[in-house]
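One structure is given here, and the rest of the page talks about it.
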Amino acid sequence: MARRRSTRRALVETPSDLNAQDSDSLSVSTKEELGDDALAAEEGQSVLDEQEIEEALEEDDTNYEEDIIDDEESAQVDEEELEEEEEEEEDATPEPVVTSKKNSRSKPKNGGASKRKASRRTVVDEDSENLEGDEEDGSFSDLKDLYSNPMPAQTTPVSMRMTKRQRAIQGILEEGEEDELLELPPETSGRKKLTPEEMALRRIENARRRKNQSERRLEEEKMETINRLLKRQSNTGKPRRGRAPNNPTSDSISRSKAVPKDRINMYQPFQCVRFKSTKEGSSLGVPEPLIRFFS
């Protein structure tokens, strides 16, 4: 329909342009000379041109309708051939189907090659769009399945994430890999596990040690009490300070007969030098013990 309207516009516009050129070419003097006859001739010519345009448009419409009918018939034939081919070959891809459509169509008739080529292109474009839509639907469905199904927690094997020593301990060796690692003792740290006999011997030893410690503690306490009692007895034999003993001995008698010594006064004044300066004169006072230092 769009092509039909464009052809009509082109055909309608061409005579008006011709008339405009003719009218421009005619000078004013010739129009005055010809007068009414020239105007009537121009009007008749324009009417004839319009009739020719309408006839050409009608012919184009009839040709276009014939082309459409031919295209529909060829499309039906192509559909039948495609159905037969699909029944014969179930594993055929969509691409050869499109090529068969192009090749199976009959040659155009009545000179409508360009329009039929355009219709073929539209059919092929529709098929390609349908195929692209199917592919997009398939990709969307694949994405939905991918997101709906949970991913496994461990995509890589466990042996790939272990060290060489860990694999050797568990006995997992790769191709061409030799077990050259030294195996450490299983219990390098921690307490040693004892047998029941060793446990019984250890308990007996601990009981013996506790018994010896208690006996030693008792002996020490006994010795402390004995020393304390002996110390008290030795203190009771001594006279108290300031009192004479009840039984005078030879030592006490000799002490009483001894001459008493003079008691030394422990108080000593502060030793200092005194300097005195008056109108009569100055003087220096020095204590007796310090005179030898100033002589």
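Glycine is no exception: its Cβ is also placed from the backbone N, Cα and C atoms.
According to Swiss-Prot, of the candidate residues S29, S128, S141, S277, the site noted as phosphoserine is S128. Per DSSP, the secondary structure of the compositional bias 'Acidic residues' (49-93) breaks down as 40 helix, 0 strand, 5 coil.
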